[in-house]
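**Q** Take a look at this one; I'll ask things after.
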């Protein structure tokens, strides 16, 4: 089960930026190295003053990235649902019921009475949700005890199965539907290239757009498997139950998904890219490198402070602040006579600075992330509506709009509370309400209008 998270480093960085932005402070005097770079005696900068323009910039930044995040999520969610609906409408394989069911749903719904069917569907939903809960707990325990290799092997095998086996079934049914002749050698070559490139992009390194495309395709394939092999009533009950479980797992203090997110925040680590759709690149092999770089870059700072503290008594004893005649002659030889003129100040300001540039990870840290499970169940709801609503496009479009509205509200709450929130409850609730209302009220009403040739 997946949740809507922003990166932990983004939260820590934003909190630190907000705290420093709204706190008045006086900068410390520059060190001797900075004095020699500037070529001027040190001057204390004026204290920072909080103005209304800075608060306006904060609000503008929030609105900018909030709207940007909405667009970043609308496009992949829409593409995933479009792939599923297009497959349902064109490939009859995923709508035909051949009696096969998942091993997690052993009870059949082709019973004599409605009561037995409802009971069997509830039992199937309970078993399915129990399996999801157990798998989530196993994942959290493995992550808690840093069993990263086991998690990577687990995700590697799952993606291997999806990209090769389920993709082979999907491609074969598409070719059969459109009557495309294909030999086994060419088909094997296509599947091999598709699967290998996908495994490289997801578990190692690749272009961002290609990684996102593979994650969307994996979610669509999984949603199609659920649509075909889950009984109808069981599927609707699972959608309702999974939204409740997602709410509890993320918001409860001891919820498994909340523990997973908080653990990642404490360790300043990114969640595995095979579990999360990210609007920015997440590479597994870069995680250790980034942490090592941060650790290495943090060591010289206290060392430099120690040097400054050790040199301070000597500078005070000489009573010249380090501006010896030899130093003045050297600076005059390089810069000319030091006169406080407009030309000299402009030349000094144009001199290159030896300070390292600020890290360029700010835009990447702002990337919004959505669990692949959310993609799967969104697409499952829309695909199930398209498959069981007697081919009615009104019901399908109603579910599609309901999911996007729920996603907007979830992102709005995310901007307000600024913490990890579940992405399923609002969208799935809206989708279920819109589905049953449209299928049982709107569609019969419109059919009667069409029969009597009555136009509104």
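Positions of Cβ are set from backbone N, Cα and C atoms, glycine also.
Swiss-Prot feature annotations, pasted as is:
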type	residues	note
TOPO_DOM	1-70	topological domain 'Cytoplasmic'
REGION	9-56	region 'Disordered'
TRANSMEM	71-91	transmembrane segment
TOPO_DOM	92-121	topological domain 'Lumenal'
TRANSMEM	122-142	transmembrane segment
TOPO_DOM	143-155	topological domain 'Cytoplasmic'
TRANSMEM	156-178	transmembrane segment
TOPO_DOM	179-183	topological domain 'Lumenal'
TRANSMEM	184-205	transmembrane segment
TOPO_DOM	206-209	topological domain 'Cytoplasmic'
TRANSMEM	210-230	transmembrane segment
TOPO_DOM	231-237	topological domain 'Lumenal'
TRANSMEM	238-261	transmembrane segment
ACT_SITE	246	active site
TOPO_DOM	262-369	topological domain 'Cytoplasmic'
REGION	332-365	region 'Disordered'
TRANSMEM	370-390	transmembrane segment
ACT_SITE	374	active site
TOPO_DOM	391-396	topological domain 'Lumenal'
TRANSMEM	397-417	transmembrane segment
TOPO_DOM	418-421	topological domain 'Cytoplasmic'
TRANSMEM	422-442	transmembrane segment
TOPO_DOM	443-456	topological domain 'Lumenal'
**Q** Quick one: Cα separation, residue 374 (active site) versus residue 246 (active site), in Å?
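**A** Rounded to the nearest whole number, the Cα-Cα distance is 10 Å.
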**Q** If you draw a 10 Å sphere on the Cβ of residue 374 (active site), how many other Cβ atoms land inside?
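**A** If we count other Cβ atoms within 10 Å of residue 374 (active site), we arrive at 28.
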**Q** Taking the Cβ of residue 246 (active site) as centre, how many other Cβ atoms lie within 10 Å?
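**A** Around the Cβ of residue 246 (active site), 27 other Cβ atoms lie within 10 Å.
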**Q** Could you find out if DSSP has residue 374 (active site) as helix, strand or coil?
**A** helix
**Q** Does the transmembrane segment (156-178) come near the transmembrane segment (210-230), with 3+ Cβ pairs under 8 Å (pairs 6 or more apart)?
**A** yes
**Q** Which one of these stretches, 122-142, 370-390, 397-417, has the most C-beta pairs shorter than 8 Å to the transmembrane segment (210-230)?
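**A** Checked against 122-142, 370-390, 397-417; highest Cβ contact count belongs to 370-390.
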**Q** What stretch in 71-91, 122-142, 184-205, 370-390 has the biggest tally of Cβ pairs under 8 Å against the transmembrane segment (397-417)?
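**A** It is 71-91 that shares the most Cβ pairs under 8 Å with the transmembrane segment (397-417).
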**Q** So, by DSSP, how many helix, strand and coil residues make up the topological domain 'Lumenal' (231-237)?
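**A** Residue counts in helix, strand and coil order: 6 helix, 0 strand, 1 coil.
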**Q** Hey, which bits of the same chain come close to the topological domain 'Lumenal' (391-396), Cβ under 8 Å, at least six residues off its ends?
**A** 85, 382, 385, 435, 438-439, 442-443, 446
**Q** On the DSSP side of things, how many residues of the topological domain 'Lumenal' (92-121) fall into helix, strand and coil, could you say?
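**A** Secondary-structure composition of the topological domain 'Lumenal' (92-121): 11 helix, 0 strand, 19 coil.
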**Q** Could you give the residue numbers and ranges of same-chain residues that sit at least 6 residues beyond the topological domain 'Lumenal' (231-237) on either side and whose C-beta is under 8 angstroms from one of its C-beta atoms?
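**A** Cβ under 8 Å, 6 or more out: 101, 105, 108-109, 117-118, 120-122, 124-125, 128, 380, 384, 388, 432.
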**Q** Could you give me the DSSP helix, strand and coil counts for the topological domain 'Lumenal' (179-183)?
**A** 0 helix, 0 strand, 5 coil
